[in-house]
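Swiss-Prot annotations:
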BINDING   Glu64, Asp83, Leu85  Mg(2+) 1 binding site
BINDING   Asp83, Asp86, Glu226  Mg(2+) 2 binding site
BINDING   Asp86, Gly87, Ser88, Ser89, Tyr189, Lys220  substrate binding site
Amino acid sequence: MQEVISYIQKAVLEISNALKFPDTGYSQNQNFTGDTQLKFDVLSDEIITKTLSQCSSIKAIISEEKDEILTLNEKANFIVAYDPLDGSSLMDVNFAIGSIFAIYEEKASAKNLRAALYSMYGARLELVICKDQPKLYRLNANNEFIFIKDLKMNEKGKINATGGTQKFWEEKHAKFIKSLFDEGYRLRYSGAMVSDINQILLKGGGIFSYPATQDAPNGKLRAFFEVFPLAFIIEKAGGKTTNGKNHSLLELEFDKIHATTPCFFGSEYEISKLLKAYNE
């Protein structure tokens with residue numbers, strides 16, 4: 001698996017370099033779920049596909065920007081699912097964005113998830129790699145990823161990052177969010193899931209939520225590329241995840257590679273509070 005991780009590092013570095021002088025315009029294409037693709041979405045996907053295709057340990061890749069699974073080496077063991085550029089719609093305002101990767105063994109399923117990674121393209125290039133414990137790495141002047149620290153969640157945080165159009169929230173979710181603000185939680189929501197999860201992780205706690213809404217009853221975020229890898233990282237850091245019913249997002253199973261789900265990531269206190277609010 002280390003070989004797979006090393007090729008992901010190469011792809012992340014190439015994307016970071018390309019971001020220095022990006023074309024932030026839209027292409028004429030849409031991805032599988034109907035999102036109009038930015039030209040840099042397409043370029044990032046091409047970079048990752050090209051790079052991972054050189055890795056003999058990868059059986060197949062699944063991309064948010066591809067309709068179907070792409071088989072690379074049927075004799076290999078690992079399947080890599082990825083969001084090539086999470087938060088790409090924020091490129092024009094120069095917010096931090098990132099790439100998300102999940103490494104599955106043999107079959108894309110939460111129970112087969114063996115490692116997860118995400119990169120942050122911000123003021124500096126950082127990479128979180130998680131097998132047993134999420135570890136933060138930072139690119140140095142020699143183009144090497146240097147270990148910074150292990151990431152751990154506190155039992156309770158102060159950050160509230162909540163997505164979905166507010167007028168379409170269910171009443172129970174609106175009440176839950178209000179209760180957090182009544183406790184003094186701070187709103188920290190950028191519109192890039194990877195950036196918001198990263199802030200919660202590095203600050204030690206809080207909650208990220210993207211609930212079921214009237215206009216998206218099955219949620220909006222994609223299980224295999226976004227939800228599962230970030231849930232894996234949060235839980236390995238000591239946090240909790242749920243869809244509002246289950247006690248872990250990693251309990252969920254889906255047949256379709258572009259399946260979506262409501263999702264909540266956070267410290268133990270916030271997730272326990274949410275489950276109570278959702279199931280009273």
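Note that Cβ sites are derived from N, Cα and C of the backbone, with glycine treated the same way.
Tyr189 (substrate binding site) is 17 Å away from Leu85 (Mg(2+) 1 binding site) when you measure Cα to Cα. The shortest Cα-Cα distance from Tyr189 (substrate binding site) to any of the binding-site residues (Glu64, Asp83, Asp86, Glu226) is found for Asp86. Just so you know, the Cβ of Leu85 (Mg(2+) 1 binding site) picks up 32 other Cβ atoms within 10 Å once every protein chain is counted. Residue density at Tyr189 (substrate binding site): 16 other Cβ atoms are found within 10 A of its Cβ, drawing on all protein chains shown. Each of Glu64, Tyr82, Gly87, Gly98, Ser99, Ile100, Met193, Val194, Leu221, Arg222, Phe225 belongs to the same chain as Asp83, Asp86, Glu226, is absent from that list, and has a C-beta within 8 angstroms of the C-beta centroid marking the Mg(2+) 2 site. Between the candidate binding-site residues, Ser88, Ser89, the densest Cβ environment within 10 Å is the one around Ser88. Taking Asp83, Gly87, Ser88, Lys220 as the binding-site residues under consideration, the smallest Cα distance to Glu226 (Mg(2+) 2 binding site) is found for Asp83.
If you take the Cα of Asp86 (Mg(2+) 2 binding site) and the Cα of Lys220 (substrate binding site), they are about 13 angstrom apart, rounded to a whole number.
For Gly87 (substrate binding site), the same-chain residues that are 6 or more apart in sequence and have a Cβ closer than 8 Å to its Cβ are Phe95, Ala96, Ile97, Gly98, Ser190, Gly191, Ala192, Met193, Val194, Ser195. In this structure, the CA atom of Ser89 (substrate binding site) is 13 Å away from the CA atom of Asp83 (Mg(2+) 1 binding site). According to DSSP, Gly87 (substrate binding site) sits in a coil region rather than a helix or strand.
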